[in-house]
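Sequence annotations record features per position, and here Swiss-Prot assigns active site, proton acceptor to D183 based on sequence analysis. The ATP binding site annotation in Swiss-Prot covers L68, G69, Q70, G71, R72, F73, G74, R75, V76, K91. Annotation comment: Swiss-Prot describes 1-11 as compositional bias 'Basic and acidic residues'. As annotated by Swiss-Prot, domain 'Protein kinase' applies to 62-330, with the evidence given as sequence analysis. What Swiss-Prot lists as region 'Disordered' is 1-26, 329-362.
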Amino acid sequence: MPGKQSEDKPMEVSTVEDGGDEGLGGLTVEELQQGQEAALALEDMMALSAQTLVQTEVEELYEEVRPLGQGRFGRVLLVTHRQKGTPLALKQLPKQSTSLRGFLYEFCVGLSLGTHSAIVTAYGIGIESANSYSFLTEPVLHGDLITFIQPKVGLPQPAAQRCAAQLASALEHIHSHGLVYRDLKPENVLVCDPACQRVKLTDFGHTRPRGTLLRLTGPPIPYTAPELCAPPPLPEGLPIQPSLDAWALGVLIFCLLTGYFPWDQPLVEVDPFFEDFLIWQASGQPQDRPQPWYSLSPAADTLLWGLLDPHPRKRNPVGSIKSYLGQPWKQREGEAEELATELREDGWRGGQEAAKGEQPAC
C-alpha cells in the first residue's frame, strides 16, 4: 500500500478566523492553539531526548530474535536485553534515509501519548549508532491487521467491531493531545493475539499537530479524505484536523466488513465507485445501495455515511461509532443475497457495475 506523500508546515493562528469555513472543516482558533501547544511540547521533548540518546551499537545491548516488520524507512525487530532477557520491539531507522530530527519527532510523538490500551507503548530509550537511530517499544507479536483481512470477505463481524472500537478509542486519545494521526491503514495496526481480540496502533511518523498546513504531493489512496484532493484553501495548504482520521476510520471499517476498498481514489472524475457512493449517500435511500455495500446493515450505512461525509465539518468524529457497537453491521444471512438478486433484476445498477469493472479488494 503506497503511503501518502505530503508537505507540511506549522500554521499561524492569525491566518484563520474563529469558526473556519467549509474548506477548513470548522477548525477554530482554540483548536489551532491546541495544536500549537502540542507542537511546542514536542519541540521541548525532542530537545531533551537529543541530549539523552544512548551512543552505542544496538547489538552491544540487545540480541536480535527475529524481524517483526519492514517498511520503506526502516525495520522493526524483536530483541531481548542481553543482561535481563526482557523481550522488546526495536525500531531501527538508517541514517542514510532518516534525519536526527525526523527520528526524534517520531520517537517523541510516541512518548507523548503515554499509555493507552490500543496504542503501542513507547519506552524512553533512544539509541544512536554509527549507521542508524533506534527506539524501543512493547513487542506485539502477531503481525499487522492486513494479514487478517480476507480479500472480498473481511473479518467476522465481532472482530470487526472490536477492532473499530479500539482504534476509535486510540484516535480519540491522539486527538485529545492536539494531534492528528494521518496514517490509519491496516498495515499500521498491530494484532496482539491470533483471534484478533486486541489491536494496537503504531507508527507515528506522519502524525502532526492539529492545524499544521498540509499539501498532498502524491496521488491519493482510498484512505485520503477528499478535502486533501481539492485545491487548498490557503496557498500553503490545508490546516489538518481530526476529521481526516474520521474519514480514514470509515474506509477501514468498510474494509474490515467487506474485504474490499470502497474506491481506489476519492475523486468523482476518475473513480465511478466513489461517484456512486456520493450519489447514494445524497439520496438517503438504503435500497439504492451500490455493490458491495449491499452486504452491510442499515446501522452500518448510517455509521459510515457519518464518518465518510465529504464535507469535513459535517463529518462525524471517530467516537461516533460508540452508538453503533452491539448493533448488526452486516445483513443477516440470506438478506444480502436477496438484495443482490433484487439489484441484478433491476438491471440498471447491475449494468453500471458491469461497466465499471471489479471493486478493488483489500
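Yeah, the Cβs are placed from backbone N, Cα and C, and that goes for glycine too.
Projection of Swiss-Prot feature records onto the structure.
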residue : record           : Cβ contacts under 8 Å, 6 or more apart
L68     : ATP binding site : V76, L77, L78, A89, P139, V140, L141
Q70     : ATP binding site : V76
G74     : ATP binding site : K91, Q92, L93, P94, S97, T98, S132
C-beta crowding around R72 (ATP binding site), within 10 angstroms: 7
Cα-Cα distance linking D183 (active site, proton acceptor) and R72 (ATP binding site), given in Å to the nearest integer: 14
Annotated ATP contacts L68, G69, Q70, G71, R72, F73, G74, R75, V76, K91, maximal Cα-Cα distance (Å, integer): 14
C-beta crowding around D183 (active site, proton acceptor), within 10 angstroms: 20
Residues close to ATP site centre defined by L68, G69, Q70, G71, R72, F73, G74, R75, V76, K91, Cβ within 8 Å: Q92
Three-state secondary structure, which DSSP defines for R72 (ATP binding site): coil
Other C-beta atoms that fall within 10 angstroms of the C-beta of V76 (ATP binding site): 22
